[in-house]
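Undergrad: Here it is, the structure, as structure tokens.
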Amino acid sequence: MSVLPVTRLVIEAFAPGGTPDLANIRSVLTAGSTWTAAWHSLVTATLGTAISLVLGTLFALIVALTDIRAKAALVFCFLLPLMIPPQVTALSWAQLFGPASPLLITLGLAPPLGSPNPIYSPGGIVLLLGIQHAPLVFLAVRAGLRGLPREMIEAARACGAGRLRVMATIVLPMMTPPLVAGGALAFVSAVGNFGIPALLGIPAGYTVLPTLIYQRLASFGPSIISEVAVLSIVVGALAFVGFAVQALVIGKRDYRTVGAPAQALRYALGRWRGPIEALAWAIIVAILVVPLIALVATSLVTAYGVPLTGQTVTLSNYAEVLFRQDSTVRAFRNSFLLAAGTSLFLVAVCVPFAAFVVWRKSRLLDALAMMAELPYALPGIVLGIAAILIFIMPLPVLGISLYNTIWIIFFAYLARFLTLSLRPVVGAVQQVDRALEEAARMTGARYLFRLRTVVFPLLAPAAAAGAILTFMTSFNELTVSALLWSAGNETLGVVVFNLDDSGATVLASAVAAVTVVAIVAIMGGTALLARRLPRGVLPWTD
């Protein structure tokens, strides 16, 4: 699931049809459209990462180092944009601006008819990429702040150093590794993001590499698969820049601390607590609540551009997408089955695999565990092309083709989200004493029996947490399925994109609103169960 897709992609790029040929690579790399899209990807990803670093670091400092109230609620809301599909984020912001916004028309704030929507621009793409991936920086920096050597900070303060000086000379320098790691994750995610550049960039004629691949494949089909394979490698190479910069920056200095981290440091804000809390919640309202209100307002009117009044409010859009329209009903069913199937299958695979990797301590097994990270590190559009290359021809011996079926999406999801299920289980295995499993083995219990009666019960909480993360991520996925879907095999992400693209904005908003409600319900439900799960495996719990 990890090595095969990447290997097949490289073979197709350098040896299309099985014959080594560099002419195809030369043709793609000398095309002006390739360099334009690559430059656009680099610019939007870099500027979006800068926004993510500022937002993510600010909230991490507030949550980890201060005594503000309602931290759990603040963390939940700040991480919500990461869990909301990027196409839904783009759609909600598009409904917030422009002359046809039902919310702005209702409030009397809509710009004149014919005015351009400012969100359909490179600046809009940069802003939303920054908001979407700021939680990645937040998670990395918060984890680093929790491990700060408190004694070093207290010694500096005892010597007369003020809070700002401590922050500038100790805290931020010590946070270089998590800052760089979070920035690298945000950059790689921005390079591979399809939903935001597709909804905002395609109407504005602003093409990035993922949308260029999508447009080429949608226009010419599998006949140009070798060309898009080369483009996919270009996307992967651009994403690799983020990890290369991370290795270069961190490798220059030693950031290790001596001893285990002490109790987490807390600054008492005193009279500044109220204003800082107000600032944090004002940012949440601006980047999350207001766009979602605009999305819901659009979903409740009879037509896009109509004000929301007692005469125009309707639930018919929800009835249409939930009960009457075949494609949307099918998309809800397909997304649920794919997400549930992916989660359950990966749990069944990851529990024995994690136990085998950790307890056997083999270099080969460690290498296999690292390879599991590869499909998730690569942009989803690259994995989609690789899946097409693998399954475009019928399977050997069986003679069955998975191309244009839901099974090709299922395979891509298994490869893509393997690491999401594996990481929590590996962490749990490392904390479990093997004595119980060894005792069962010494009494003659066979491996499968030990697995079912000893290993699975011990690892069940971590496996459940991994399954929850996998389900939520795959339920709203678009980047992979945008290239793999076919008639009858639509997913929610594809339906939202297609409805908006065809002009059915109110229906797209209704589907998006239902999706957000489902996400909030799942996150809220799992947050209530967080005490029964391993600490830290659910990122939205503080």
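Quick reminder: no glycine exception, Cβ is built from N, Cα and C everywhere.
No curator has checked TrEMBL annotations; they are predicted automatically.
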Undergrad: Can you dig out which of the ranges 119-141, 188-210 TrEMBL describes as transmembrane segment?
TA: 119-141
Undergrad: Are there residues at least six beyond either end of the transmembrane segment (506-530) with Cβ under 8 Å to its Cβ atoms? List them, or say none.
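TA: Contacts of the transmembrane segment (506-530) (Cβ under 8 Å, skipping residues fewer than 6 from its ends): 72, 76, 80, 83-85, 87-88, 91-92, 95, 292, 295-296, 298-299, 301-304, 317-318, 320-322, 325, 328, 331, 468, 471-472, 475-476, 492, 495-496, 499-500, 538, 540-541.
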Undergrad: Among 279-306, 380-400, 406-426, point out the range having the most Cβ pairs under 8 angstroms from the transmembrane segment (336-359).
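TA: Comparing 279-306, 380-400, 406-426: 406-426 has the most Cβ pairs near the transmembrane segment (336-359).
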